[in-house]
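> Starting off with a structure, shown below.
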Amino acid sequence: MADLLGDLADLRRRARADRHAYPFPLLFFGVASFLALPLYAPAEAPSRGLDVRHPVLLGVYWPVVLVAGGLATVWWYRRRGARVGIETSTRGYLGALAIGLSGPVVGWALDNLPFRFYSGTAAGLIVLAAATVLWRRRAPRVVTLTAAVLGTAVLQHDQPVIAQFIAIGLGLVVLAALERSTRFTTITAAYLVVLCVSAGFTPLEVSPPTTWSMGSVVLLPASVLVIGGLAGLRRE
Amino acid sequence: MSEHPTASLDDVVHQKHRLGILTVAAEAKRVEFGYLRSTLELTAGNLSRHIAVLEQAGLVAVEKGYEARRPRTWVSVTPAGLAALAAEMTALRALVERHVASQP
């Protein structure tokens, strides 16, 4: 009987290993982040914070990357599933990216409430943590979704410079849970830690600002994504 | 006195290969017939028979289609299949624990 349980555990491990396809989204978003660096060139007469030369271009770039990356990831997972013969569900991942994309809209709505809305990074993190617990405990979907949308929106509202990386992180957390890969979970955890460091210590106020000081907010998370993707490829 | 764990074993699920099919299918959205055949080291006929038994019991769903002009059969586990697998694993673990506890 113990042998049977051992055999089943081996089967489970093999099935999980065979369906791992996480290097693609890591590399896609990592490379796309590095490609965004030129868009962080400072404005001619920069004021405070993230004052770039082409704000519209930067504003369009990230939503396009998030949508294209999400669709490409789903395509990649399906293609790999068809080739290997075992397919991972990507519905939750698409949902997470949609929540990440809806954040700025919800944030705008919160700003236009009839009363003053006070946001805070800690509040956003707590609501997102609650959403994660609700999701793992299979709470009613409407409650989980509301908490996830609200937590993400508050976090992005309070940390607009890394809003796109919050959306990517949300997608990676869901993918890591679906893949049940220790390596991918570790990479995702490293990414989230680096994102916090990046948000807290990025020298946006360096004077005079340069593309590198402005784009440094991108460098750390992008590096983790690319290194994680390459580590995943090597494993395969 | 509590019921013996063997009473919780389901004849449809308990068969080794069917338990293997459910275990692999429970790890993914869907699994292809060829993948199951090579992973479980079964002949096509044998695997078909086991899948038919599970499908008849409502524990898996079978989807047939074509990809690049090649016929492909995909197997996915149903909510009833997931529940049956969880119950079976609990019963198996209880049996092992009981066996270990009864050792002198």
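Here, residue 1 is simply the first one shown, and the rest follow in order.
Cβ coordinates are placed from backbone N, Cα and C, and glycine is handled just like the others.
Values in this document were obtained by computation on a predicted structure and should not be read as measured data.
In case it's useful when we look at the structure, here is the feature table from TrEMBL:
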TRANSMEM  A:21-40  transmembrane segment
TRANSMEM  A:60-78  transmembrane segment
TRANSMEM  A:90-109  transmembrane segment
TRANSMEM  A:115-134  transmembrane segment
TRANSMEM  A:139-155  transmembrane segment
TRANSMEM  A:161-178  transmembrane segment
TRANSMEM  A:185-204  transmembrane segment
TRANSMEM  A:210-233  transmembrane segment
> Where among A:21-40, A:60-78, A:139-155 do we find the most Cβ pairs under 8 Å to the transmembrane segment (A:90-109)?
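Counting Cβ pairs under 8 Å, the winner is A:139-155.
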> Applying the under-8 angstroms CB criterion, which one of A:21-40, A:139-155, A:185-204, A:210-233 scores highest with the transmembrane segment (A:60-78)?
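When the Cβ pairs under 8 Å are tallied, A:21-40 comes out ahead.
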